[in-house]
Amino acid sequence: MGTSHPAFLVLGCLLTGLSLILCQLSLPSILPNENEKVVQLNSSFSLRCFGESEVSWQYPMSEEESSDVEIRNEENNSGLFVTVLEVSSASAAHTGLYTCYYNHTQTEENELEGRHIYIYVPDPDVAFVPLGMTDYLVIVEDDDSAIIPCRTTDPETPVTLHNSEGVVPASYDSRQGFNGTFTVGPYICEATVKGKKFQTIPFNVYALKATSELDLEMEALKTVYKSGETIVVTCAVFNNEVVDLQWTYPGEVKGKGITMLEEIKVPSIKLVYTLTVPEATVKDSGDYECAARQATREVKEMKKVTISVHEKGFIEIKPTFSQLEAVNLHEVKHFVVEVRAYPPPRISWLKNNLTLIENLTEITTDVEKIQEIRYRSKLKLIRAKEEDSGHYTIVAQNEDAVKSYTFELLTQVPSSILDLVDDHHGSTGGQTVRCTAEGTPLPDIEWMICKDIKKCNNETSWTILANNVSNIITEIHSRDRSTVEGRVTFAKVEETIAVRCLAKNLLGAENRELKLVAPTLRSELTVAAAVLVLLVIVIISLIVLVVIWKQKPRYEIRWRVIESISPDGHEYIYVDPMQLPYDSRWEFPRDGLVLGRVLGSGAFGKVVEGTAYGLSRSQPVMKVAVKMLKPTARSSEKQALMSELKIMTHLGPHLNIVNLLGACTKSGPIYIITEYCFYGDLVNYLHKNRDSFLSHHPEKPKKELDIFGLNPADESTRSYVILSFENNGDYMDMKQADTTQYVPMLERKEVSKYSDIQRSLYDRPASYKKKSMLDSEVKNLLSDDNSEGLTLLDLLSFTYQVARGMEFLASKNCVHRDLAARNVLLAQGKIVKICDFGLARDIMHDSNYVSKGSTFLPVKWMAPESIFDNLYTTLSDVWSYGILLWEIFSLGGTPYPGMMVDSTFYNKIKSGYRMAKPDHATSEVYEIMVKCWNSEPEKRPSFYHLSEIVENLLPGQYKKSYEKIHLDFLKSDHPAVARMRVDSDNAYIGVTYKNEEDKLKDWEGGLDEQRLSADSGYIIPLPDIDPVPEEEDLGKRNRHSSQTSEESAIETGSSSSTFIKREDETIEDIDMMDDIGIDSSDLVEDSFL
């Protein structure tokens, strides 16, 4: 029966052609022809397969386990192919599905199509078919059913499925196992054979994410490489873990590639497959393909990328324009160049072989990356100009290649005429007109002529000048590619004619005209033109001189006096000095004054040493200082000097100010006669005595002090009459005039009767405590005894006297505005006197003064409110007093050493910067400075309190000695005091006294009242110190104005007759000075106002 089936099959196949076709499509046949068969343990069995082509078997065991399985082919007369499978000794391992199939139908992707039979081999000791270890891992897709393959060797054996929770209900098929939907975890199959229980090892169910479609992405970091570089390609699968991926690439056969897998689970599942090909060569060029297949389903996806490998880098330049380009003037145009290059190139532009300097608004370049190896560079002309013409070159270069492309750019410019001139041919009367024009393209030149000058405004009067006209020659030639010159020559011009040059090109035209004048008229025009030019030059010169004259700084008195203040405190009325009365008692006869050498000279005036005869009864001959203006002084400066005189008469006398002695205001230049101060200004005195001070204070070593700006070693060779240093100009240059300019001064012999000078020795250390001192020691502070040199107590004495002098000015509502050591003089007896020395100081060349508009300001001495808000008060003078203290205790140093007056200086002052303690100041003195430098003016001490503070630092007897000297001064017949009295009726400033003693007592009592009212605290906005104002008339700066009538030149001396009248007295006075050991030459060299 087993052999009849093939015979019938063959016979059926031969019946008709249709049957034959069906036969080709039919499956092979298996004998026995059953779906399943049970075979006894250890018995043998055989299976035969018949087919029309070659057939093969597929069975449960692997080739390693199939030693007792034999397969052979048999011949068959019917033409069929027969394959026999024989098992000699059946065991439980032989249980499974046996399949016969055609060889040509075997593929890797699909299941075999053939005939099947399932064989059972029951074994009482083996309930379940043996499995490989991988079979115990059950992979389940999301929520899909799965099979746990616990197959039995006997189809009749009952089986149950268990997990950690117990029996799991599921359908069971002895050929497959349990089929169902299982959660993740271990499962065990349990069977009972003849009362004996069998269990499998655990089946582990594992769930993998899988989708019905594959999301595959392929990426290559680069698609172009050079030999030797590493190719890297990646493929990524998203949201699927059951994937099989295969690479296909040129180097696959050689196994050159290295593959890696990376699983990324955050934020979603991603499998990244990386292919790396090191040391790439040209042969590695080609398609790189990755194919992904889902392991549990028939889902496939494929991606590919083309990689090219070059032997070395390359550059290709493809411009989108020609080598000659034109652009219209003011046109916007872009020039684009395409570049292919690897490695990435550096792209630059050149103009005329020079690196192109981009103008932010007119020409720019940029580079844009289009693709991996494609770039686009643009040259942008925003508004083309004529100078943009030239040769432009783009250069692209990398490590392996350099390529460039050059094109010429022409900016097309409308025609313009550069020049139109006529050349004369002398007496022959011939004239040539030259017309130079430029433009791109090169313009054509056309000549036109108008013979009737009066009608040349009408275009019809102009005719084109032909080339071949008798006595007229035209020619044209080009200078370069954009400039052309045309000429027309007239053999003779007998009358005035007009000639027009017309230059034109494609972009525009321009014309220009000139007149040709006959030679007879030309000479007349030349003379008229010369006169006109000369007149213009004269007018311009006058304007320049007027401007220079107006910009020249003018002399202005610094002192100001308040007349009244508004109730709200915001408006101030100042005393107009010109409105003050001038008491004729101050007038001094000119013939009683003999002028000597110049002590100080400035931009506006000078101070001259003089001898006055008859100023006081006790001193018929007195050495004085005379202020005067220069002969070139303007009326406003004469008015300012007169204002200064009236203010001095208004203030009255004080020991610590330079007192007025008299004045000459009539029949000549204005002279102001003041006290003569023997030792000169305080700065010079401190410099001169610095070595003696340092010798008395060994803890203050002699070192080079930067604040002085000089070398102490050179002091022996320096003249102290010069107040400015040549190197830095810190102090005024007191230029000495020629000694023959004035009659030499005759000195007096007697000492001052109002300065009671006692000499005694004293010496105090730099750091000291207040102690009681002998009267003689105290008096030494107010004496001319220099045997002990300059001491610290001398510095404190100077400090105290300046405070008393400023206290007096404050009591008179007078603001100084220029308090500094250069404006403090030292008289005999070491008496300090405050003055305003601006007239005789060359402030325009003095570094201490900074130009602000038409004035100069001592910025380093000024308070912040004066610098920034133009506010001047007694409290701003307190700030300057603190700077003066710094000068004194640094022995004449310049404030803020090493700092220039600039924006940095102003910012530091605003931010609260203050100078450090000078080397020779005690902590108590420095504390005074700091109080004076408070940024809030109202928190600064008054001069009254400053006097008391400094007084406490001096010996106890000092004040008594000082007050005695001051009182003696007020009782004396000193001219400054005497002229305040009226001899006829013993009245003093409008108050009548019965006798001299009552007057003096009232004066002494008034001193304390005067001190208590010293701190006025007024805030005085003075408009003439605005940092940047234009120069204004003096009358605009005050509430009232007046004009002085004193305008005259300075006389250079007094009459000889006057000198002869005083000769006897003068000789006697000189003898007296010799007796006290005063050298008259020293007085001239070391003294000034």
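Any Cβ shown, glycine's included, is placed from N, Cα and C.
Among the candidates TYR101, TYR671, TYR1018, the residue that Swiss-Prot annotates as phosphotyrosine is TYR1018. Among the candidates TYR98, TYR405, TYR679, TYR988, the residue that Swiss-Prot annotates as phosphotyrosine is TYR988.
Out of CYS49, CYS150, the record in Swiss-Prot bonds CYS100 through a disulfide to CYS49. Note: Swiss-Prot links CYS235 through a disulfide bond to CYS290 (candidates: CYS150, CYS290). Between the listed residues TYR555, TYR731, Swiss-Prot assigns phosphotyrosine to TYR731, with no corresponding entry for the rest in that record.
Secondary structure at CYS435 (disulfide bond), as computed by DSSP, is strand. Using Cα positions, the member of the recorded positions CYS100, ASN103, ASN179, ASN458 nearest to CYS290 (disulfide bond) is identified as ASN103. Most buried of the glycosylation sites ASN76, ASN353, judged by other Cβ atoms within 10 Å, is ASN76. Note: the CA-CA distance between CYS435 (disulfide bond) and CYS49 (disulfide bond) rounds to 116 Å. For the domain 'Ig-like C2-type 3' (202-306), the predicted model reports an average pLDDT of 85.
Spatially, by CA atoms, the recorded positions CYS49, ASN76, CYS235, ASN458 include one closest to ASN103 (N-linked glycosylation site), and that is CYS49. Here the C-alpha separation of CYS150 (disulfide bond) and ASN179 (N-linked glycosylation site) works out to 10 Å. For CYS49 (disulfide bond), other Cβ atoms within 10 Å of its Cβ number 27.
The closest partner of CYS235 (disulfide bond) among the recorded positions, by CA position, is ASN179; the full candidate set was CYS49, ASN179, CYS189, ASN353. Cβ environment of CYS501 (disulfide bond): ILE417, LEU420, VAL433, CYS435, ALA437, ILE445, GLU446, TRP447, GLY486, ASN511, ARG512, GLU513 lie under 8 Å away, each six or more residues apart in the same chain.
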